[in-house]
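Below is one structure, written out as structure tokens; the observations come after it.
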Amino acid sequence: MAEASRTSEARRDAVFGRWVVFSPARSRRPTDLKSHSPTNPSPGPSPGADSPAPPKPSCPFCAGRESECAPQIFRVPPDGTLPWRIRVIQNLYPALRRDVEPPPPPPVLPEGEAPPDEPGERAVPGFGFHDVVIETPRHDVRLWDLDAEGVRDVLLAYAERVRQLGEHPAVKYVQVFKNHGASAGASMAHSHSQMLGTPFVPPSVTTRLNCMKEIFDRSGNCSLCEIRSKDILISETPNFSAIVPFAASYPFEIWIIPRQHISYFHEIDQDKALDLGSLLKTMLQKLSKQLNDPPFNFMIHSAPFGLSSSCLPYTHWFLQIVPQLSVIGGFELGSGCYINPVFPEDAAKILRELDCSV
């Protein structure tokens with residue numbers, strides 16, 4: 001359908017179960033949509049291996065300032081005689097605390113039953129883990145400035161820490177996420193990401209599982225495995241597809257989905273992490289170039305720990321990237337529905353054709 005003939009349309013997402021209203025009349029041409037508050041209006045040249053380090057800013061995440069951070073959990077490489085490339089540390093201001101008594105374990109679920117929503121009000125101790133992944137020792141390097149191997153190593157650090165947290169009997173879910181830019185929630189400019197290990201399964205995760213189960217029970221297929229439309233495809237590799245989802249809640253939202261059905265992100269291996277690292281780097285480059293270096297969030301949606309084997313056929317992990325281009329208003333907050341001014345097919349075409357090689 002040509003852009004000029006587009007009229008408003010409502011679509012239901014088959015993963016989160018949300019309705020999205022596509023209203024192109026609320027925006028100019030999709031190619032005109034840009035961030036008005038770029039995270040780095042005057043970036044320096046992308047640093048190379050031989051480029052000198054810039055003057056050291058007042059940032060505890062930079063190399064040489066390690067003593068100013070919360071305790072380190074592990075580093076890459078592990079050999080302390082070599083300079084570090086990645087550090088995983090405790091969050092100095094954690095949302096959940098590891099030194100609090102964990103809540104009592106929930107009852108064991110029958111085989112095939114997803115975690116239920118808990119009725120009524122309830123308060124439990126604020127136990128959990130809140131960690132930070134410092135993606136580079138350099139303050140002037142963004143995640144997509146790293147080579148594919150560097151992004152791979154960040155992804156493998158995520159996976160290693162998720163595996164560690166999964167060994168704690170009270171941790172039920174780990175949310176890995178990255179906030180880039182102040183308006184996307186980043187309090188530090190130095191490139192980093194975070195993860196929270198919670199003693200409960202968050203409600204949006206339960207909603208996602210229930211929605212995907214509904215599709216599976218009706219069709220016998222995983223709703224993410226079923227995505228085959230070339231109109232929303234941006235790029236694909238041997239192991240992953242990058243798409244603008246059919247019912248994208250946000251303009252230029254991207255999902256990176258394993259082409260093989262896999263429930264748990266932390267089971268990723270070296271080869272697939274390199275493939276994902278290369279694709280993630282390209283997608284972030286495309287968003288930066290097309291949208292004027294916008295603030296963004298990305299989240300890894302994986303399965304909760306201890307999920308019964310009968311749930312695995314419809315749980316499929318993926319990575320969601322959300323550029324922050326507009327403010328969420330009262331309709332979205334009140335209804336749970338979103339208004340998106342850019343049709344996914346148009347956004348996918350723009351990103352697919354965008355050349356980031358120069």
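Note that Cβ sites are derived from N, Cα and C of the backbone, with glycine treated the same way.
Automatic prediction, not curation, is the source of TrEMBL annotations.
Features as listed in TrEMBL:
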ACT_SITE  His192  active site, tele-UMP-histidine intermediate
BINDING   Cys59, Cys62, His139, His190  Zn(2+) binding site
COMPBIAS  1-15  compositional bias 'Basic and acidic residues'
COMPBIAS  40-58  compositional bias 'Pro residues'
DOMAIN    7-202  domain 'Galactose-1-phosphate uridyl transferase N-terminal'
REGION    1-59  region 'Disordered'
REGION    97-121  region 'Disordered'
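Residue density at His139 (Zn(2+) binding site): 20 other Cβ atoms are found within 10 A of its Cβ, drawing on all protein chains shown. Counting Cβ atoms from all protein chains shown, Cys59 (Zn(2+) binding site) has 12 others lying within 10 Å of its own Cβ. Taking all protein chains in view, 20 other C-beta atoms sit within 10 angstroms of the C-beta of Cys62 (Zn(2+) binding site).
Its Cβ taken as reference, His190 (Zn(2+) binding site) is surrounded by 20 other Cβ atoms within 10 Å in the chains shown.
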